[in-house]
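Lifted from TrEMBL, the feature list:
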SIGNAL    1-19  signal peptide
DOMAIN    23-169  domain 'Lactate/malate dehydrogenase N-terminal'
BINDING   Asp59, Asn122, Val146, Gly147, Asn148  NAD(+) binding site
BINDING   Arg109, Arg115, Asn148, Arg179  substrate binding site
DOMAIN    173-347  domain 'Lactate/malate dehydrogenase C-terminal'
ACT_SITE  His204  active site, proton acceptor
Amino acid sequence: MLTLLTAMYLVVRSASAQAEPIRVLVTGAAGQIAYSLLFSIAKGDVFGKDQPIILVLLDIPPMLPVLDGVVMELQDCALPLLREVIPTDKVEVGFKNLDAAILVGSMPRKEGMERKDLLKANVAIFKSQGAALEKYAKKTVKVLVVGNPANTNCLIASKSAPSIPKENFSCLTRLDHNRASAQVAMRVGVSTGDVKNVIIWGNHSSTQYPDVNHALINLDGEEVCAYDAVKDDSWLKGNFITTVQQRGAEVIKARKLSSAMSAAKAICDHMRDIWFGTSDGEFVSMGVYSTGNSYGVPDDLMYSFPVMIKNKSWKVVDGLSINDFSRAKMDATAAELIEERDTALAFLGV
Ligand SMILES: NC(=O)c1ccc[n+]([C@@H]2O[C@H](COP(=O)([O-])OP(=O)(O)OC[C@H]3O[C@@H](n4cnc5c(N)ncnc54)[C@H](O)[C@@H]3O)[C@@H](O)[C@H]2O)c1
Ligand SMILES: *[C@@H]1O[C@H](CO)[C@@H](O)[C@H](O)[C@H]1NC(C)=O
Ligand SMILES: *[C@@H]1O[C@H](CO)[C@@H](O)[C@H](O)[C@H]1NC(C)=O
Ligand SMILES: *[C@@H]1O[C@H](CO)[C@@H](O)[C@H](O)[C@H]1NC(C)=O
């Protein structure tokens, strides 16, 4: 019996050891988010403990020497799932045959740079990376955009890769989602694991709307609405919202650098949920393509919604009640995205 079990175990093990590696691209790979992110991906936190990985690292030419250091460190981690690391500054190498693309690199705001010029530079980057996805990646590639302005960059990339389904593009608002869960958990005195179904609506910016009207807190095995668990409506409608909205700026003030460890963790959560799905009864926040059919959000925007994910495809959680307080905040963040989209599309020449 024991030998039979051992034999079966060995068969399973060797089958999983033979799984085809997937190809995962991280751009901005010499940057600070990537420094936390690459390790987690390479050790199996995102695509599973049995899934071998080829990591492709893209950055701009002046960063290639830094990238070499990152490659050495990844090798020195001696991670069994990591089959190959490919550093490059060329999109035709970087985007080839991809299963997943995590687009972290973007043009940062420089001293005295106008918002319009920043947007223009990013439209150029995400147009060319979208075109590279179109030309070189698998049609089933899952694309996550992190580099800011993430929502609009994601829309531009998707429009530049017309043969890849729009549903396969998403942008990161999971960091905001995680921040909201953590604030509520700390306030109630429970673990973040006991908080679910907070929502981030809209843009990844200070106009985002963190909404806990549908959030549930596990108090000693019983699920309670956030308002009943927190018992402080004015905090939930005031300081809670501004704390989440301003959190990125607060981290920069303290660290003199933007959020990196927490951003990397959120990227892992987001991509893992795309790969393996969300738990029953649970939803998460993701910037996804709005078709105009959910919550009165205009179409042709990448807008953060509550989504459930099954079999690598997401669905917006429809039918949640929206009060007037929420409505106004959801519309304000949509208006901001419309304005940014229209400026970006003018740069794109459409
Ligand atoms: N959506 C979110 O929740 C969220 C959270 C945190 C940070 N961000 C954004 O993520 C981005 C990266 O943050 P970071 O702290 O790692 O920045 P960083 O400056 O440390 O690293 C960015 C890297 O991107 C590279 N890069 C620039 N243009 C590139 C291009 N065209 N192709 C490939 N690489 C390119 C840079 O050379 C640099 O190495 C920023 O835009 C930041 O605003 C988003
Ligand atoms: C939307 O959010 C991004 C990311 O924070 C920000 O850079 C951008 O300016 C916001 N859009 C507008 C129009 O304010
Ligand atoms: C999952 O998605 C794949 C690819 O789109 C499809 O072929 C398959 O039938 C789906 N499976 C289920 C259970 O929905
Ligand atoms: C991506 O596209 C494929 C093929 O059309 C589809 O089966 C899959 O559900 C899409 N993935 C997501 C995350 O929507």
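Keep in mind that glycine also has a Cβ here, set from the backbone N, Cα and C atoms.
Look at the domain 'Lactate/malate dehydrogenase N-terminal' (23-169): DSSP puts its residues at 66 helix, 27 strand, 54 coil.
Checking the recorded positions Asn122, Val146, Gly147, Asn148, His204 for a CB within less than 6 Å of any atom of ligand 2 leaves Asn148, His204, listed in sequence order. A Cβ distance below 6 Å to any atom of ligand 1 is met, among the recorded positions Asp59, Asn122, Asn148, His204, by Asp59, Asn148, His204. Contacts of Asn148 (NAD(+) binding site) defined by a Cβ separation under 8 A and a same-chain sequence distance of 6+ are given as Ser106, Asn122, His204, in order along the sequence. The DSSP secondary structure for the residue listed as 'active site, proton acceptor' is coil. Taking the Cβ of His204 (active site, proton acceptor) as centre and 10 Å as the limit, one finds 28 other Cβ atoms among all the protein chains shown. Here the CA atom of Arg109 (substrate binding site) lies 17 Å from the CA atom of Asp59 (NAD(+) binding site).
All protein chains considered, the CB of Gly147 (NAD(+) binding site) has 25 other CB atoms within 10 Å.
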